[in-house]
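Participant: Quick one: the structure is below, and I'll ask about it shortly.
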Amino acid sequence: MGLLECCARCLVGAPFASLVATGLCFFGVALFCGCGHEALTGTEKLIETYFSKNYQDYEYLINVIHAFQYVIYGTASFFFLYGALLLAEGFYTTGAVRQIFGDYKTTICGKGLSATVTGGQKGRGSRGQHQAHSLERVRHCLGKWLGHPDKFVGITYALTVVWLLVFACSAVPVYIYFNTWTTCQSIAFPSKTSASIGSLCADARMYGVLPWNAFPGKVCGSNLLSICKTAEFQMTFHLFIAAFVGAAATLISLLTFMIAATYNFAVLKLMGRGTKF
């Protein structure tokens, strides 16, 4: 069997659910981390410019924002590696499942790839043997995890629960900014509300962003409307919305990964009891 034909047969048996979930995971994490990082920076500038002139009032908030930004760096790195590992697991276990059902034989493709990788090693001497030994060590390390979907089911389930909390927390700043924007709309169109314009305020202390002794801590009336019209406020609001969408996409990808891994684990457990892959 030629290499092209082998690749075509391997693509037929590709784990499309894992491929879609991986793309969605990378897209969601990139959107959440990138937009979330910039939105936190914009929030810091808005607070120190309009809501408090005393640095001690928002010093704790800045420390929290910087801590979250460092967590974002780690989250992006972790999900990139874990998503790639889940994709590799999807290819491995899907091949094992389809071998049980007889859809295609992975050993044929394996032989073709092996011939391609190891071909011509005799002429390369010790260098070729060293490369083959390195590849064998990588395969040995991955083999401890790949082919064991039960491990990935447990880890992915725990990550899904944790990310569900992250998804819920990402909705909080969207809610705060939406309330502020709604208040600005009421100020811009006084006919829609019976309250006086001067009594319509956005109070950062009410949401726990600033301590209650912060001054002024809130912005009211036409001053608030001027803040809502700034490009900085609009950009930060939309960045938080984008981060929320990214968190939702990542949650969907984790659920897809978990369903696919659970299915593969069930098939291998129930129908492949006497088979080793």
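Just so you know, glycine gets a Cβ as well, placed from its N, Cα and C.
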Participant: Same side of the membrane for Thr49 and Lys269, as recorded in Swiss-Prot?
Facilitator: no
Participant: Can you tell which of Cys35, Cys109, Cys228 is bonded to Cys184 by a disulfide, based on Swiss-Prot?
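Facilitator: Recorded disulfide partner of Cys184 in Swiss-Prot: Cys228.
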Participant: Among Cys169, Cys201, find the residue that Swiss-Prot gives as the disulfide bond partner of Cys220.
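Facilitator: Record-based pairing for Cys220: Cys201.
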Participant: At the level of the C-alpha atoms, what whole-angstrom distance separates Ser199 (O-palmitoyl serine) and Cys184 (disulfide bond)?
Facilitator: 12
Participant: Could you pull the average pLDDT for the topological domain 'Extracellular' (179-238)?
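Facilitator: For the topological domain 'Extracellular' (179-238), the model's average pLDDT rounds to 91.
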